[in-house]
């Protein structure tokens, strides 16, 4: 006898969804969490460079420059900009000639 004849097939009324109560609070909460997760994932993929630079450098503008000569301020600004530019070095820049 074949194994296929031994397998029980479900009857027609068991094919439907057993959880017909979609207004269950757990189902609603899971749906909301799933949608929020999807939105955050899409935003992360679109703006990952900005987001991670923000977390790395934060809102800090650096130490106070009160009483510091302008030449030293400019040197500090260049140094900070070079540090930010070095962070972008893992992106490949292709120039076509």
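Just so it is clear, glycine is given a Cβ too, placed from its N, Cα and C backbone atoms.
Per Swiss-Prot, these features apply:
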- 71-80: compositional bias 'Basic and acidic residues' (COMPBIAS)
- 20: N-linked glycosylation site (CARBOHYD)
- 50: S-palmitoyl cysteine (LIPID)
- 64: phosphoserine (MOD_RES)
- 93: phosphoserine (MOD_RES)
- 59-88: region 'Disordered' (REGION)
- 41: site 'Seems to be involved in pH gating' (SITE)
- 1-22: topological domain 'Virion surface' (TOPO_DOM)
- 44-97: topological domain 'Intravirion' (TOPO_DOM)
- 23-43: transmembrane segment (TRANSMEM)
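Residues of the compositional bias 'Basic and acidic residues' (71-80) grouped by DSSP class, helix first, strand second and coil last, total 10 helix, 0 strand, 0 coil. Here the Cβ of residue 41 (site 'Seems to be involved in pH gating') has 10 other Cβ atoms within 10 Å, regardless of which shown protein chain they belong to. Same-chain residues lying 6 or more positions outside the transmembrane segment (23-43) and placing a CB less than 8 Å from one of its CB atoms do not occur. Taking the Cα atom of each, residue 41 (site 'Seems to be involved in pH gating') and residue 50 (S-palmitoyl cysteine) are about 14 angstrom apart.
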